[in-house]
Amino acid sequence: MASSGTTSTRKRFTGAEFIVHFLEQQGIKIVTGIPGGSILPVYDALSQSTQIRHILARHEQGAGFIAQGMARTDGKPAVCMACSGPGATNLVTAIADARLDSIPLICITGQVPASMIGTDAFQEVDTYGISIPITKHNYLVRHIEELPQVMSDAFRIAQSGRPGPVWIDIPKDVQTAVFEIETQPAMAEKAAAPAFSEESIRDAAAMINAAKRPVLYLGGGVINAPARVRELAEKAQLPTTMTLMALGMLPKAHPLSLGMLGMHGVRSTNYILQEADLLIVLGARFDDRAIGKTEQFCPNAKIIHVDIDRAELGKIKQPHVAIQADVDDVLAQLIPLVEAQPRAEWHQLVADLQREFPCPIPKACDPLSHYGLINAVAACVDDNAIITTDVGQHQMWTAQAYPLNRPRQWLTSGGLGTMGFGLPAAIGAALANPDRKVLCFSGDGSLMMNIQEMATASENQLDVKIILMNNEALGLVHQQQSLFYEQGVFAATYPGKINFMQIAAGFGLETCDLNNEADPQASLQEIINRPGPALIHVRIDAEEKVYPMVPPGAANTEMVGE
């Protein structure tokens, strides 16, 4: 950690006071969580802060996803808190989700007093052990003197290299202990990105210049390099595909955009990739939902792979040029060496394949249908709106149809695929971006996972609009069972009808059932324009499918569906 910016005024703190002081110094404005006995000293200190606002979630998992919503929209570490035992275990899913999607979080939990660890004390669990596989790094602070370095290191680690969550478990007696510090840690900064060789850049440029059928393949790791990604694509005329996590890096209507690849991607894109002779892979990890059967993915293509995480290079596909580095740093040196080329023949083949394998959007103009609803919602807002989703069919329909045109516009659970992500993430996005509308597309199964966070949205009067596609089923489970399992659909439908309108109203949300409106588009526009949280309800046929679909374990060219 850099030593510049330190002060030498001796100060006296309890552990809890120091934690809050450090968060203030770090520029944290919002913390979300739920208090409990083992973290009450921190909450006592937090109550005295004039700089930090606390958002009381209704479930610790909700707190974790609220923090994710903040971190995903501004790229900076966000903070969530919980007590020991069930508070900590309730956070696990949200933290694991952040790990797989590379989201910088600081998770602070209370723990039983250090002398009682290992005695099965009330609300004691091995938080440190549980969090090892789901965090970028974790700490159990046994002595108050460790706190300054741990807090500083945690923020540095969370945002350096490949971002991720850091978990700090702090026994109650460490929070109440008193110490004096003379030199306070400087504000934690990102560590420098790895250096890379000029030779690797020259090799990559030569491969791009020589390629006849190159494709640019973007993953979530390009999130901080939108301008240079676009510059590279346009200069070299590279058809560009994006993973679920990279949607918006090129505007949907950009002439070079191929849209999403993979299991529910654009049909023509999966075929175009098979024709490629070069893949320029930036910040992507070749996950199975994107590439299908590994050995049949782009069999004739050489690969340039740039990623900040060394572990991703060669993990799934062996690259011909591998560069461990920050994507933006690499592109700054690569773009001047790349030749401007029209690549007319390649673009003609791409256009031919797009005509041969069109991407129809059924019922695109009907706001009471799945795709039509998404289009109708998009027509009500501009590109400043933030879009979150839960996980399921509605997520894939939204990924396919919504006009995502900028980075950090699209928040979705990619790697872990967590139902219940959408609403609390939308709350976090609204907290971090109070001047923007936040739209949460959800399904009835997903919404019920964290429906209690409606109270959080209402209490804080956040401009979050929940667009609920209610098919009274677990849609993707229903789809896979009906397509691929001989016994058909089992345990994937909800036999009892739930009145989501009454539930939302009970939490204090405005409501609108589009199925009961004479002019659904006008009613949709009216409620979206209205400030504050709202639920917009539409019934969807449980037999609707997300197509195309690559069957599990199949190659991307073995898509089924319309």
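Quick reminder: no glycine exception, Cβ is built from N, Cα and C everywhere.
Source: prediction; values computed, not measured.
The thiamine diphosphate binding site annotation in Swiss-Prot covers GLU60. The feature FAD binding site is assigned by Swiss-Prot to ARG162, 264-285, 307-326. Feature annotation from Swiss-Prot assigns region 'Thiamine pyrophosphate binding' to 393-473. According to Swiss-Prot, the feature Mg(2+) binding site maps to ASP444, ASN471, an assignment based on similarity to another entry.
Secondary structure at THR269 (FAD binding site), as computed by DSSP, is helix. Nearest by CA distance to ILE308 (FAD binding site), out of the binding-site residues GLU60, ASP444, ASN471, is GLU60. Taking Cα separation as the measure, ASP444 (Mg(2+) binding site) is nearest to THR269 of the binding-site residues ARG162, THR269, GLU275, VAL281, GLY314. For the region 'Thiamine pyrophosphate binding' (393-473), DSSP puts the residue distribution at 33 helix, 16 strand, 32 coil. A strand conformation is recorded for VAL281 (FAD binding site) in the three-state DSSP classification.
Each of the binding-site residues GLU60, GLU275, ASP326 was scored by the other Cβ atoms within 10 Å of its Cβ; the lowest score goes to GLU275. Reduced to three states, the DSSP call for ILE308 (FAD binding site) is coil. In the three-state DSSP reading, GLU275 (FAD binding site) counts as helix.
Straight-line distance linking the Cα atoms of VAL281 (FAD binding site) and GLU60 (thiamine diphosphate binding site), rounded to a whole number, equals 36 Å. Counting in whole angstrom, ASP326 (FAD binding site) lies 33 from GLU60 (thiamine diphosphate binding site) by their C-alpha atoms. Per-residue confidence over the region 'Thiamine pyrophosphate binding' (393-473) averages 98 (mean pLDDT, predicted model).
When the Cα atoms are compared, HIS320 (FAD binding site) and the residue listed as 'thiamine diphosphate binding site' turn out to be 44 Å apart. Close to ASN471 (Mg(2+) binding site) in the fold, though at least 6 residues off in sequence, lie GLN393, GLY443, ASP444, HIS478, ARG539, ILE540, ASP541, ALA542, GLU544, each with a CB less than 8 Å from its CB.
Annotation for ARG162 (FAD binding site): spatial neighbours SER102, LYS136, GLY221, ASP307, ILE308, ASP309, criterion Cβ-Cβ under 8 Å with sequence separation of six or more. The Cβ of GLY314 (FAD binding site) lies under 8 Å from the Cβ of HIS305, ALA322, each on the same chain and at least six residues away in sequence. The Cβ neighbour count for THR269 (FAD binding site), using a 10 Å radius and every protein chain shown, is 25.
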